[in-house]
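Visitor: Below are the features listed in TrEMBL for this protein:
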TRANSMEM  6-26  transmembrane segment
DOMAIN    8-139  domain 'EXPERA'
TRANSMEM  67-85  transmembrane segment
TRANSMEM  91-112  transmembrane segment
TRANSMEM  124-143  transmembrane segment
Amino acid sequence: MGFVSAAADAVVALLSLTMAVAALLFDSQVVLPRGLYPASLVDIQRWFVAEFGHYLVADPPHFFRGLVWLDLAFWPVCVANLYGILARRPWAAATSIMAGVYMLTYMSAIFGEMLGSGRTTPKLIQLYVPFALAAVTAVLRGFCSCSAQATAVASHAPTARINKVIAVALERDLEDEMDQPHYVVAVLNAKASGVTWVLLAT
């Protein structure tokens with residue numbers, strides 16, 4: 001189970017990293033003037049369009065431009081998700097769900113257009129399939145992490161209540177030279193499976 005969890009973390013982290021880098025360096029070229037980018041990045045974008053036959057990037061319709069703007073707006077979530085996974089933050093479960101749902105929605109629009117237009121190539125479909133699978137993995141990772149956290153909280157709640165120091169002050173007169181009341185405190189420790197009696201003088 002640990003291997004599966006680590007593999008899912010690696011997949012989702014790689015997805016977030018790819019989305020964050022691609023959104024700033026390449027996807028944004030669809031909606032921003034290409035004069036803002038170095039010639040090398042523009043050349044890579046042109047090679048990508050020619051290599052995979054990505055007609056949406058070559059001649060972007062309005063809906064695709066909207067998806068790119070949404071991609072740029074979602075960039076901070078990708079960065080936060082990447083950090084959360086690497087730093088093992090508990091809120092990374094929520095950002096993983098957000099990243100996965102956003103990518104499932106993005107992929108649905110892309111696949112719907114490509115399969116419906118008849119202009120796509122098998123190579124272009126194969127390019128996006130890993131992203132769709134990674135998006136599903138992100139959603140599953142997020143929900144499984146939330147479930148694990150909820151289970152851990154629920155299992156620790158009774159123990160936390162039991163482990164609270166239960167002090168019962170019992171006034172007793174000790175039969176020794178100290179003729180004054182003392183208190184016996186019972187401390188219940190669930191992990192030690194016993195009761196510790198502590199003698200306190202008033």
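Placement of Cβ uses the backbone N, Cα and C atoms for every residue, glycine included.
Bear in mind that TrEMBL entries carry predicted annotations, made automatically and left uncurated.
Help me see these features in their spatial surroundings.
Guide: Within the chain carrying the transmembrane segment (6-26), a Cβ under 8 angstroms from the stretch's Cβ atoms is held by residues 37, 41, 44-45, 48, 71-72, 74-75, 78-79, 81-82, 85-86, 96, 99-100, 103, 131, 134-135, 137-138, 140-141, 144, all 6 or more beyond its ends.
Mean model confidence for the domain 'EXPERA' (8-139) is a pLDDT of 92.
For the transmembrane segment (67-85), same-chain residues at least 6 beyond its ends with a Cβ under 8 Å from one of its own Cβ atoms are 9, 12-13, 16-17, 19-20, 23-24, 27-28, 30-31, 60, 91-92, 95-96, 98-99, 102, 106, 109-110, 138.
Within the chain carrying the transmembrane segment (124-143), a Cβ under 8 angstroms from the stretch's Cβ atoms is held by residues 5, 8-9, 11-12, 14-15, 18, 52-54, 81, 93-104, 107, 110-111, 114, all 6 or more beyond its ends.
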